């Protein structure tokens with residue numbers, strides 16, 4: 001009875017984590033679309049720096065109140081994480097500018113096989129045939145409903161490759177660091193957000209000027225554009241936190257696969273609020289295929305042997321040895 005109750009509680013927390021991530025992620029996409037497309041604030045890198053600055057203010061306040069307990073994250077690991085995360089942000093922005101929308105979407109889809117490769121190589125994870133096929137079905141469905149024109153050039157390809165690999169490494173590192181140093185989502189965010197905010201706010205205005213030929217300090221704010229900027233920064237706190245919560249509870253691959261539900265929701269809400277231009281049977285068919293793939297993935301990966309870690313790659317710290325917390329080869333219970 002107790003085991004059933006614990007399983008139900010875990011399932012409820014898993015669902016709540018996904019809903020938190022989906023709501024905040026879809027919300028920030030729609031708000032940023034209004035801020036950038038409607039009101040002309042096209043400074044994406046600087047905006048991301050402001051997001052992390054707002055997150056830093058919240059984590060600092062919660063630490064001061066005692067809700068976030070002190071924790072340790074060595075500087076080499078912190079700097080590697082920030083390097084991956086910032087290259088991901090900058091790479092995505094440059095990739096979107098230099099590539100067609102179709103190739104940009106293909107690059108985003110390729111994050112799933114890259115994340116799978118990282119888990120296979122670094123964590124010795126093995127996937128069952130059904131799990132692999134379900135991932136392919138999700139990729140096919142999202143490709144059908146999002147990929148249209150596809151053209152590529154060398155610079156765009158290199159930018160996309162940097163974006164894909166750095167994003168996959170950043171998401172892998174979220175899960176890795178939380179397990180290695182026993183960090184909660186708020187703890188990890190409290191370590192990483194200040195460094196990301198400082199670095200992006202330092203580099204962002206120059207990068208945005210290079211990308212848009214416009215200066216962020218010359219932007220003429222109206223009341224409504226300032227409102228959307230503050231709203232975007234506020235929602236971003238939840239988006240950043242929910243990403244760490246979901247990857248910590250699951251894995252980077254599951255976050256990517258099930259995360260494409262956000263792509264489907266953004267399309268549906270876009271058609272609902274911004275007009276039905278582009279809505280056709282191909283898009284509807286792609287959505288249905290992707291949703292079926294996500295359901296199949298959730299079922300296949302949760303079965304015994306669906307996704308199995310053959311050995312643990314995370315080194316055991318001295319403190320863990322003294323506490324007798326050594327770990328042996330185990331089946332990965334995360335979906």
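Every residue gets a Cβ built from N, Cα and C, even glycine.
For the ranges 99-117, 156-174, the feature annotated in TrEMBL as transmembrane segment maps to 156-174.
Transmembrane segment is the annotation TrEMBL gives to one range among 78-96, 306-324, and that range is 78-96. Looking at the domain 'Sugar phosphate transporter' (23-297) alone, the prediction's average pLDDT is 87.
Just going by CB pairs under 8 A, the stretch in 12-31, 156-174, 186-207, 219-241, 281-300 that sits most against the transmembrane segment (133-150) is 281-300.
Count of Cβ pairs under 8 Å against the transmembrane segment (156-174): among 78-96, 186-207, 281-300, the largest is for 78-96.
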